[in-house]
Amino acid sequence: MNNLQNRPSTAFVFASWIALLGGVIIFLIGLNNAQMQLNEKGYYFAVLVLGLFSSVSLQKHVRDKLEGLPTTALYANLCWAAFAIAIALMCIGLWNAELLLSEKGFYGVTFFMCLFGATAVQKNTRDTAALNIAKLQEYSDKENMTEE
């Protein structure tokens, strides 16, 4: 693979971090200002954390598989299940919540913005790490050639 194709653009890296951090901060500000019980706030926070972790884990699994690294079907199924459960829990929670439709939309949009941001940041981090490893390998190969 050509390493230049794997290098994420600065704009995409920046936009990914803005989506992740902006989504999380706005979601948490919304939870803090919400007129709901503390256990409801805890539910939405826990679902957000599950969603973030499962999206990063799923992206890592997919990337490992694409790069030919060993993966197991059990781990793949757990990743997909956790990701689906996080989305289902958010949808069910919002469906049953006694919130205005605009508030439900707010939490839904920021939740999916966080999932996108987490996945994109993980991808960018992986791409940058792969590029750095390739550069180190290239440098090492050049050093070995000059020693011979």
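Start at 1 and count along the chain as shown; that gives each residue its number.
In case you wondered, yes, glycine gets a Cβ from its N, Cα and C as well.
Residues annotated as domain 'YiaAB two helix' in TrEMBL: 12-64, 78-127. If you look up TrEMBL, you'll see 12-31, 43-62, 74-95 marked as transmembrane segment.
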Notebook entry, point to check: If you run through the domain 'YiaAB two helix' (78-127) with DSSP, how many residues end up as helix, strand and coil?
Noted result: 46 helix, 0 strand, 4 coil
Next item on the list: On the DSSP side of things, how many residues of the domain 'YiaAB two helix' (12-64) fall into helix, strand and coil, could you say?
Entry: 49 helix, 0 strand, 4 coil
